[in-house]
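Listed in TrEMBL:
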type	residues	note
DOMAIN	54-212	domain 'Glycosyltransferase RgtA/B/C/D-like'
TRANSMEM	12-29	transmembrane segment
TRANSMEM	104-124	transmembrane segment
TRANSMEM	131-147	transmembrane segment
TRANSMEM	153-184	transmembrane segment
TRANSMEM	196-214	transmembrane segment
TRANSMEM	249-269	transmembrane segment
TRANSMEM	281-300	transmembrane segment
TRANSMEM	306-323	transmembrane segment
TRANSMEM	335-354	transmembrane segment
Amino acid sequence: MKTPEFYRKLTLGILALIASLKLLYFHFSGHSLFTEETQYWLWSKHLDWNYYSKPLMIAVYNFLSTSIFGDTELAIKLNAILFSSMTAWVVFELTLEMYHKGKIAFWASMILVVMPFFHLGSIFHTTDSSLYFFWILAFFFLWKALASNEMKWWVLAGFATILGILSKNIMVLTLPTLGLYLLLTDKKRVLSKGPWVYVLVSCLSLIPIVVWNFQNDFVTFKHVGTLGGVEGEKSGFDLVQSLKYVGEYIGGQLGFLSPFFIPILWLSIKKTKFSKDPRALFLILPTLVVWLLFLVMSIFKTVNVNWPAFAILTLPILMAYCLDSASIQWRRFALSGGILTGVLLMLLLFPAPLDAIGFKKILRPSKDPMMRLAGYKELATRIDHLKDSLELRDKEFFFSDSYHVASEMAFYLKGNPQTYAINMGRRKNQFDLWPGIGQFEQKGYYGIYLTREFEVQEAVKNGFSRIVMQENFPTIHRGDTVKTYIIAVLENLRHVEEVETGEY
């Protein structure tokens, strides 16, 4: 009989192999970084206690990794890979702590790594990457605290929650989840010292968030309120639209789980008596709390599929435990489902080799999710060439009407210049809190402008003396043009009249 240590080493070995393969994929794929990744990288050049839409830690992680590896793609991607590997490892350790079987812990970790939501979090360094890790780490410490009632575990759970909240605010849901769990299992512990120490330690995370927002007109709260439907313009209730939102939400979460794992989850829920098994309740409750919260939100507005995805993290443990005592047919189905999920994910990552046999008809390049990563390196190379050929004497700045494009150019342009995102009718973002292009007015500066509009906006044209040159730049993905940008070089910034929408 194999020992837990054998399964621990096997798990760590497989996670190391997966991490290495992903690094190789990033290196040879030719893809640019995701626009959110370059935005958060740019934040790391402006370290602060909080940012417009997110807390500070995403910038800190990038600051640390780029301080070691430079402003490179590797430095950014390494964060995602490290956090995902550590998340899968903590899932192993939590499973082992709860069920004391290395085999169950191994399969819980393996089920997790092939789930689509986790795969995305492991290849893109967004706030979800670190949220996943600190979410499961907090529940690991909470389980240790509940099992032993030792104060150190409550404190460690609090510190994990602090780092989680400072990675992504939604981590705060650990607090009501724990409270609900205690009410359902042992009401007397609600008033005991340990849980309240955990709450008090966790709440320390709010200090930098609240102080920074007090100094910046509470823009984060306005932004989150808009996303949640509390702030911003409101329209009348539309039942058909609401049903569409709810359907998209449920379908998105089941897809993120993997359709092949839905029967296993159903079997796990059906077989488990949650009222008699506090372990199972501890695992299912985080999912229910988060999913129900976002289900209510989806009645009124679109919920991005990744927002509640972190709630899935404890489900592989429940599924692995169920499969351990299931029939051989169910185990084979689980293995086949995991392999098929992995194959489909590989097709999404490597569709080009199949285009020769007609895969373009199934997944058109313009609909390919990886299309969003195409062309930014080449676009930056072209702009660098234009800048050099026009001999602008270093009296130029780079700007766009999109923070996505501005962030990508800051990363890929030679020398990593600060770029700017003007407001031509969009909602606010982090660029609006930094100095804008107004600092270059009436000083003889050239502006190099990028937009995906059909033509350069009149407000931009009128803000300069003249257009020096303008060209279209196509973005090619899998042999097709999927995006077209206008590159415009404009002379002598006078003043661009931006649009103040008041939208957050």
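Quick reminder: no glycine exception, Cβ is built from N, Cα and C everywhere.
The model shown is predicted, which means the values in this text are computed figures rather than measured ones.
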Quiz item: Over the domain 'Glycosyltransferase RgtA/B/C/D-like' (54-212), what does the predicted model average in pLDDT?
Solution: 96
Quiz item: Other than its close neighbours in sequence, what residues sit by the transmembrane segment (281-300), given a CB gap under 8 Å and a spacing of at least six beyond its ends?
Solution: 98, 135, 139, 143, 146, 173-174, 176-177, 180-181, 184-185, 228-229, 237, 242, 245-246, 248-250, 253, 269, 272, 274-275, 307-308, 310-315, 317-318
Quiz item: Looking at 12-29, 131-147, 153-184, 306-323, which one has the highest count of Cβ pairs under 8 angstroms to the transmembrane segment (104-124)?
Solution: 306-323
Self-check item: Leading contact stretch, 153-184, 249-269, 306-323 vs the transmembrane segment (335-354) - CB distance under 8 Å
Solution: 249-269
